[in-house]
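Scroll down for the structure; my scribbles are underneath it.
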């Protein structure tokens, strides 16, 4: 039997039984495409699980929908990272959206996802979507005041995404937002990546006025406890706005109840970031 | 390097690096006491992780506190299972509690916990606590209308706890409660033990009028997504009662925000049990 183990820290990991494995090497990282018994197809970058067919809905829904619901009229959306296409697919469920830019540094991730993960990548060819195979840092230098919502769908802050968890980058994100714009970033596991988590949230707080962190259960991510951080200067993200739009989204995780209780953190998680 | 892997299903598992391992065999099960690098001491019964020093607070707080807060004046408490003592420790944080009965079938689990897990078992010798090394099923036959709160702190529904996830057992629990009494049971992982989860919740619904399920992030349990089900005939468990008592509990996970949003389930979890 073939087993793949992601060592989420040097002392613990997730192990999954594998039917078949394919390896690709891009200029940035090792890309593994595993066919697993428990989770279906699984995309692994430099040894870290990025997405699986079985639980990807949780991460992608929870990254995209809270900010898009809180925004009164999200039309122009930017996703940085997210080459698998799952976040773009969720963004396109919002009828107001006119234009989605995807900025992914590694074109090979997009290619592998289009070929092997069709249920995740199937909206990448939609006419509203424009793909930029570029470094997110440089991409943002040329965009000012353009986007309603920016979603940071990044891999861990080691390797290609490292510079994208820093204050200077969050400042560029803010500059690229229109007035009333909202950022949501994935901000790692509060339990097993505590320092990354704290640092990302605290850097975002240095840049934006209103900042809130929320969690979701993601079985294949470290500790199964994953965080996202939403930020805006002009929008009160703590209000339960525009709830009537939730029902139309056709989701499996996100719903009214999750939206209303979004920022209800366990005590120890709150204490890490206050 | 020594690694221990719990196969949470036949196709996925949690793996942890181990400093030292001790094995005990009781008449009911294999008991492993592992000293791990990531999670501290870990208690494993028949291959399944029961508790670890690092994340035990989450499970024990979330099993005990919601029901004890919702009850107007919890005095007599019964814990079935829970030989490690963590649930008893949390119960004793409530000042109204006068008497805690612990009914654990396997005396060896209590002995190992007292010797090797002192931060978890340290309240088992408290004068309010009485320990019964008995089968929970038989124990309840002799108790009618006695307890304010009953907590089912059971291992998985294979092995010694199997009969304790069935309707006939929940009926006995109900008979052992006083008027206004509340049950909370751990009800497995909705993600990786979907059938156990559904069956436990639906059986509880057959027996009690008001039933609510909630989740907590438990990194060392299957999928990191764990469920608890609360039930009562006479108490409206969906009201946020007695919130003023929460602050005094000295908890690390449970808090006002978790209490208010307790029953806010992800959509797919709600749909499994309605």
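The backbone N, Cα and C atoms fix where each Cβ goes, and this holds for glycine too.
In the record from TrEMBL, residues B:29, B:104, B:135, B:136 bind S-methyl-5'-thioadenosine; the candidate from B:118, B:157, B:160 listed for the same site is B:160. Reported as a whole number, the C-alpha separation between residue B:136 (S-methyl-5'-thioadenosine binding site) and residue B:153 (active site, proton acceptor) equals 11 Å. Within its own chain, residue B:104 (S-methyl-5'-thioadenosine binding site) has B:80, B:81, B:82, B:83, B:110, B:131, B:132, B:133 as residues 6 or more apart in sequence whose C-beta sits under 8 angstroms from its own. Separating the Cα atoms of residue B:29 (S-methyl-5'-thioadenosine binding site) and residue B:84 (spermidine binding site) is a whole-number distance of 15 Å. Most Cβ neighbours within 10 Å, among the binding-site residues B:136, B:160: B:136 holds that distinction in the structure as shown. For the recorded positions shown (B:84, B:135, B:153), fewest C-beta neighbours within 10 angstroms: B:135.
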